[in-house]
Each structure stands twice: as C-alpha cells, then as structure tokens.
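If you look up TrEMBL, you'll see 263-289, 366-387 marked as compositional bias 'Basic and acidic residues'. Summarising the annotation, TrEMBL assigns domain 'MobA/VirD2-like nuclease' to 32-141. The annotation region 'Disordered' is assigned in TrEMBL to 263-325, 366-388.
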Amino acid sequence: MYAAGHAKGHNGHEQRNAMVGYVNLLPGVDPADQMQTRWNKARKNHTTQVLRIVQSFSRNELNPDNPEDILTANMIGQEFVQKHYPNRQAMVFTQIDGKSGLVHNHVIISDTDLIASKGCTKDQYYFPKIMEWTNEIAGQYMELDFGDKTEDKTTQTERHKREVGEYVWKDDLKSRITESMQVSETEADWISNLTKYGVNVEVHDSKKRGKYYTYELMDTSKFPDGKKIPANLKSRSYKLGTRYDAEEIESYFLKKEQELQKQKEAQREVPEEKVVRQKPEMRLQESKSQEPVSPAPKPVHRVKQKPAQKPVARPAMPKPKVPAQTTNIVRLIGEDDIDDMTDVVDEPVSRDDTDWMALALERKMRQDAKKNREKTQERLNTVRKDASYMTRLRSSDVVARIRNVQREDDNSPDL
C-alpha cells in the first residue's frame, strides 16, 4: 500500500510517515489483512475496497516543524473518520514529505462497513461534502486559512495587454457574463440570456469541485481585423475568478430574488395605506354635501303581550290634554275598581305616560271581563246543582210532598 510508507519520502527522508493512526484496527497487524475479512463479506459486484482522502494544511494552520501540530493533524483525521464514516476500518497517515513540506493526511477508509458490509453513501463519496466535513472538524483545532479568493483572476499577459490597449477576449467574455446577469431574474433566465450576448455555457458537477460552468465566447466580432482568432475560446468559471463561479452566481440571484420579493410586498402595502388616508377626506366631503340630519327619535318602551290572547274591543279614548310639568292622578271609582287598582302615577305627563295609561286601561278592562266570566260561571254551577237535585227526586216523593202540603192546608184553622 503506497500510503503505508514502505518507500522513502518525496523529500528524500528514510521515513515517509510522521505519524500513523488507526480506527477499528489493531496496531501491529497488517491493516490489509484485517480489512480483507470484511471485504470477503461484501457482495460480488462490490469491487471498491478503500476510499482515499487527502487532507492538507497550510503553514498558517499547522507548522510541519512542530511535533504537536503533526499530532493535531492525525487527531483531525481520526475524528473525521469516526464522525462521518462510522463503523468502518481506517488508517490515518500524517506526512510532511511533499515538495512544499506541508502537513497533510492520507486517510484510507474501508468501503465495506463492519455491520451490514455495505459501501459508502453518496455524500461520503462527494468531494464538496468531504471538504465541508474536514473544515468543520479542523476549525475546532485552529483558525482556517482559506487562501486568497480572487474575485477577478487575470494573468500577467492579460494585464500587459490592457496597459497597451490591446483586446483581451477574456475581458470581453466577463463583461458579457456580467451584462447578462443584470438583465436576468434567475439562474435559468441568465443561462438562457447568455446566448443573446454571444456566450455559450455548460453546467458541470464534479466530485472534486462541485458545481461549475464552462463559458465559451461565440461572438468574435470584437477581435481586431487581421488578428488570428484562437481556436479555443473556452474558460472554466473558477479560472475566471469567484465572481463568475457557480457559488457566487447562485448567491447573486438568491439575493436578487429576495429583493424582488420585498418590492412586491411593499407594493401590496402601498394601496392599503392610500385607502386608509383617503377615508377621512371622503367622509368629510360626504358630510358637507349631505343635509343636516335630525336626531333619532327616543325609543318607546313596550310591554310584551301574551300570545294567543283575543283582543278586547274598547272605545276609542281621546288623549287628555294635560299641561306640561303637571301631576296626573288617576282615580278609579267603585268598589271593584278600588280592589283592582295597581298603580298610581305621580310624575310629569309625557308621550310615554299616555301610552302607559292606555295599556293600564286595557288591562283593567280585561280584569273586569274575567270577573264577569267568573260570576256567570258561578251562577251556572248553582243552576246545574239545583237541576241535578231535582232529577234525583222520584215521582212518588213528589206526590207525597204535595199531599202533605194539602193536609196541612186542610188542617189549618180558617182565618
């Protein structure tokens, strides 16, 4: 195994590995033999044995001359495996034998896990995800050095051509990309509009770099007359600078979409504010144009009538003319009237008083009618009682009574 370091280092040192770490493996036993027992349990079509990952660190992050930094690098590699590749056998070889002499790890991970004998997941193969996981763990041990992320990359030759006023086709390509972005709302619109600006674009997604674009300048009308046009006018987005790479462009359109959404929400709120402000003015104009409105009449209190009660005919009563602010005393004459008297009103007469008097009179008439019905019923009961008694007398009893009366008359002395 190359990473195991059986040969000399690239820097000529006899020992290639500065430190070796193990995960789910026994030190002193050949790691390949230990992994082979697991590989034998995998399916026949599972041919991948190990996954090799390189983690490198700049001098600003780890010093190759400091043994503690070499230990830190090895610990980062082991923690990386334990967290993101659980239940797998792995080795971490920390080396400083490169031409640059920087600290770096060779992480060898078995593609067959210890439980289900299955291979790695899609994310575990995906380079951008691996880089994200490495930065996540390394950031707990040090301040990460992301290097110089140049927004607009240019070569020395291109800068010289600019200085002397010569045409630079990459500058022309960049300006067309920028102009197309300004007139587009989404990434899809931008890709479609690029053809109108004489640029062809291809979208790629690799394990190493993730998503990126390949631009090709199709419109060569700006090349000077008589100057040879290069056969290859293509450039990858990450070589033009971060401003033209996929991550930056996606971020640009995301911000643009958010701004557009805010504008739409603001436009929806403006009409509502105008309506609210106009309402007082509209009410003022309407009040001026309309005639003065008289106050609403005072509500009259009404007594709830009993249902299914036949109305009693009563003569029309003229409304008495009573001076304002005078006391009205109602006198009910007669024995029955005195017994049935309920209220005596002693307050100023008003429109409400006349209504009350009419209702009181109506109630009095109903009470009288009820009493008359009761007296009539009492008399009928008496007659029925007498008639019932008479029907119980036999004819012989009647004859006997008549004879007794006659005898009494015969025996009575003459006057």
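If you go along the chain as it appears here, the first residue is 1 and each next one adds 1.
Cβ atoms here come from the backbone N, Cα and C positions, even for glycine.
Just so you know, TrEMBL annotations are computer predictions that nobody has curated.
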Residue distribution over DSSP helix, strand and coil in the region 'Disordered' (366-388): 23 helix, 0 strand, 0 coil
The domain 'MobA/VirD2-like nuclease' (32-141), counted residue by residue under DSSP: helix, strand, coil: 42 helix, 20 strand, 48 coil
Mean of the pLDDT scores, which run from 0 to 100, over the domain 'MobA/VirD2-like nuclease' (32-141): 92
